[in-house]
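Asker: Pasting the relevant annotations from TrEMBL:
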type	residues	note
COMPBIAS	170-205	compositional bias 'Low complexity'
DISULFID	C133-C169	disulfide bond
DOMAIN	209-271	domain 'Lysosome-associated membrane glycoprotein 2-like luminal'
REGION	163-207	region 'Disordered'
Amino acid sequence: GFFQSYAVEVDIKDASNATCLYADWMMRFLITYESNNGDYKTTTLNLSSSVTHNGSVCGNDTQAAVVAVQFGEGHSWSINITKTNETYQGDFITLTYNTNDTAVFPDAKRKGPVTVLVKDPLHPVQLNTVFVCHSSYFVEGENVTQIFWNVTVQAFVQNGTVSKKESRCPADTPTSAPTVPPTTSNVTTASTTTLAPAPTSAPVPVENPDTGNYSLKSGNKTCFLATVGLQLNVSQDKPHLININPKTTVADGACGNTTATLKLNDGNSTLIGF
């Protein structure tokens, strides 16, 4: 599927009504769960249009800052952010999803809230600096893939004003290699045909996408093979074609007894799940 999600903005004020913690980001979750018949299925949990941020706190030298949001039918997400003399850094991320939400988990064997705790993989950020990451990045743990993009966050804001000084994630730097999340997937890139140089006056659109070879492993055995060229036709204000480039696309997923899931991320906030 080609998924869309809502953005979240959290602006926490201190006792003097000055901003002490600011965050604006988009996220979604891919969750693998056991169904009533014993199969393992992967579903997508998106943010709803109505999000609350109860439990978010400013933090100080001895207490962690917290960004906490609640959404949908009993789902919640939070991150603790700690501070040193010079930097701040995410500590751990907590996701609680509720399998009683039948729209997302229509046939879940386990009913009720499930909590997943993972370490935040991002590096420390200098104080009085805002962290920005437009590219998507993944956090894996306990059958859940958390995907984040268009992230802007600053903890321990000074003087109530979000800084104009930015710390960008490596994926946003044009000269850096694509960020590859930890995975057991074995990804091979497709061979491409060399095309004649396009005229300098105008670029020639690519009509057909390059073919990619993607595979997943379960232990030492290959359990999923796909050879496919992918093009998305997204119709919003006007039709927009997106070719998925196998050279920059990361494959991930899981194989169950009767189901398998392949997830492809091209590094440009485009996520496709089969």
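Cβ atoms are placed via backbone N, Cα and C, with glycine included.
Automated prediction, rather than curation, is the source of TrEMBL annotations.
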Asker: Applying a 10 Å Cβ distance cut-off over all chains shown, what neighbour count does C133 (disulfide bond) have?
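Answerer: There are 22 such Cβ atoms around C133 (disulfide bond).
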Asker: How many other Cβ atoms are found within 10 Å of the Cβ atom of C169 (disulfide bond), counting all protein chains shown?
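Answerer: If we count other Cβ atoms within 10 Å of C169 (disulfide bond), we arrive at 19.
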